[in-house]
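A.B. asks: Structure incoming, see below.
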Amino acid sequence: MRGIALFVAAVSLIVEGTAESSICSDFGNEFCRNAECEVVPGAEDDFVCKCPRDNMYFNAAEKQCEYKDTCKTRECSYGRCVESNPSKASCVCEASDDLTLQCKIKNDYATDCRNRGGTAKLRTDGFIGATCDCGEWGAMNMTTRNCVPTTCLRPDLTCKDLCEKNLLQRDSRCCQGWNTANCSAAPPADSYCSPGSPKGPDGQCINACKTKEAGFVCKHGCRSTGKAYECTCPSGSTVAEDGITCKSISHTVSCTAEQKQTCRPTEDCRVHKGTVLCECPWNQHLVGDTCISDCVDKKCHEEFMDCGVYMNRQSCYCPWKSRKPGPNVNINECLLNEYYYTVSFTPNISFDSDHCKWYEDRVLEAIRTSIGKEVFKVEILNCTQDIKARLIAEKPLSKHVLRKLQACEHPIGEWCMMYPKLLIKKNSATEIEEENLCDSLLKDQEAAYKGQNKCVKVDNLFWFQCADGYTTTYEMTRGRLRRSVCKAGVSCNENEQSECADKGQIFVYENGKANCQCPPDTKPGEIGCIERTTCNPKEIQECQDKKLECVYKNHKAECECPDDHECYREPAKDSCSEEDNGKCQSSGQRCVIENGKAVCKEKSEATTAATTTTKAKDKDPDPGKSSAAAVSATGLLLLLAATSVTAASL
């Protein structure tokens, strides 16, 4: 029995040891490199990387242990950071008359400033050092090097103002006879001097501008006015209503009620240099007789781009390009190849919603240090209480790092230090979750399809599938984005779509019959669909009819002149032939002439297209390039899907 008990105990230890080390053996040991992987007690799926010394932390981005107290982790509110050795940093200031090496104001300087009527403070103008501050109601006399009161030099104030602010005792040269016990009881007007005209040596009230004392208040000079004086301002600005501060000169004024009548109801009216201007707000444009913020051009969303109205013009922009790390952005296509995640936690400080971006670099450094350099950008979505951050990674994050922020590796009381500089509350971090972009960044694109497409996350793709009542004609793919181009008709259900997808094909409903077909510019292979590399017989015949040679390049068939041959060039058309009309009508479209060629357009667009100028052509993207890129990406995904099916069957 004793032997059996020992055997059972041994097996239990082996099983327990295997369970505890599984996360480390499967992933953690390689992740931690020169640090030691340890399973978090009570959480067998979580691990931490322990460095050989307590004064070190593991930097997952650099794959190495680093010292905790360095200039990388220390913030200097004043002075500069200096590392006395690899494991010790401190904030220091250069030796000076006013500061110590530890950036403290010297006692001698503080005493001297106090004797001159001021308070010694650290400079906040970008320079390192101390300054003798005379306060809001004083100024430094650079001749005597003493603080002088400015309350009686302020023409923008009254004696009642000084009384209510309890400032009467600061300067006896004005407001004689006023009593702070009753600021509403003013003495006779001719018995005291008003602020701006203090009492002089002869007992008379003197304009401070004439005695040059106004220089303590006015930075750019002064001039005498009916209100004692007012400050002058530099070119491009004018004195404000208080007579002291300066404000920029505006050449634009508001419109009168009569002038507003010349504008449309939705336009803003302003007068610039005497001319009445009627304009839409900067984020709207004029469509018909109304200013609207919505885009009316569909080409943006057809290429997976967002459309926005800026400075009264609508334009396409790619929401992914501004988020990418380097110059490897294809300027001709809007691709989504990155992976988006979200995480929330409680920091030791809070910001208002206008300053969330201030925290992004700090959070990015902490995230990369914790889980690795795959994350290249952080966007703070909310920071008013808890921080909600969007993490953008070059590739999918390992499932083993998604709970990494929840393991408090470096506790400090009720807080956890996420090196190098992020302090968060214990147990406040959520698990890192992949973001479903259909519910966030792709909402605008989904809305732009006007109910024809619905955004669905399918495996690795965000797919704008045809909605009920629409059927797929073909598909476009840009990285992780896919869109089914739809037309009114019977749509396939999820089972039919899944059945076709398993074959690497798309569902097509034509002539009352449903079937699976290879996407355009792919062809059936031994398994699934493969990317085309040659012209098909129909394309070859069309080129031969033109005495040209069919060449398949850039994912499309083109008719080219053979080498050393002089070829016939098809003349420009000025009207659609019966064959052209029939071809377009078969797909529910209408034939129009663009740049001498017959093209098929949706009937709703045909009227506009028929009158389109050459300038409109320049604004459209090259359809060859976009479709070629789409087929290339689609072909690659389908080939991978087919390969996966084969592997699974084997």
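These residue numbers are counts, starting from 1, taken along the chain as shown.
Every residue gets a Cβ built from N, Cα and C, even glycine.
Since we're looking at a predicted model, the values are computed, not measured.
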A.B. asks: Cys334 has a disulfide partner in Swiss-Prot; which of Cys316, Cys318 is it?
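C.D. replies: Matching partner in the record: Cys318.
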A.B. asks: Of the residues Cys278, Cys280, Cys307, which one does Swiss-Prot pair with Cys295 through a disulfide?
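C.D. replies: Between Cys295 and one of Cys278, Cys280, Cys307, Swiss-Prot records a disulfide, namely with Cys307.
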A.B. asks: Give the residue from the disulfide-bonded residues Cys91, Cys263, Cys486 that has the most other Cβ atoms within 10 Å of its Cβ, counting over every protein chain displayed.
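C.D. replies: For the disulfide-bonded residues Cys91, Cys263, Cys486, the Cβ with the most other Cβ atoms within 10 Å is Cys486.
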A.B. asks: Checking the contact step here: among the disulfide-bonded residues Cys91, Cys231, Cys233, Cys500, which have a Cα within 10 Å of the Cα of Cys516 (disulfide bond)?
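C.D. replies: Checking Cα-Cα distances against Cys516 (disulfide bond), the disulfide-bonded residues within 10 Å turn out to be Cys500.
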A.B. asks: Please give the sequence-distant neighbours of the domain 'EGF-like 4' (251-292): residues at least 6 beyond its ends with Cβ less than 8 Å from one of its Cβ atoms.
C.D. replies: 309-314
A.B. asks: Look up Asn182 (N-linked glycosylation site) in the DSSP assignment and report helix, strand or coil.
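C.D. replies: It is coil.
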A.B. asks: List only the single closest residue to Cys209 (disulfide bond), chosen from the recorded positions Cys37, Cys91, Cys231, Asn348, Cys486 by CA-CA distance.
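C.D. replies: For Cys209 (disulfide bond), the closest Cα among Cys37, Cys91, Cys231, Asn348, Cys486 is found at Cys231.
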A.B. asks: Please identify, from the disulfide-bonded residues Cys65, Cys76, Cys231, the residue with the sparsest Cβ neighbourhood, meaning fewest other Cβ atoms within 10 angstroms.
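C.D. replies: Lowest Cβ count within 10 Å among the disulfide-bonded residues (Cys65, Cys76, Cys231) is Cys76.
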A.B. asks: Given the recorded positions Asn141, Cys233, Asn382, Cys486, Cys500, which one's Cα is the least distant from that of Cys24 (disulfide bond)?
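C.D. replies: Answer for the nearest of the recorded positions: Asn382.
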A.B. asks: How long is the line from the C-alpha of Cys218 (disulfide bond) to the C-alpha of Cys263 (disulfide bond), rounded to the nearest angstrom?
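C.D. replies: It is 43 Å, counting Cα to Cα.
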A.B. asks: Just counting, how many other CB atoms are there within 10 A of the CB of Asn382 (N-linked glycosylation site)?
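C.D. replies: I count 13 other Cβ atoms within 10 Å of it.
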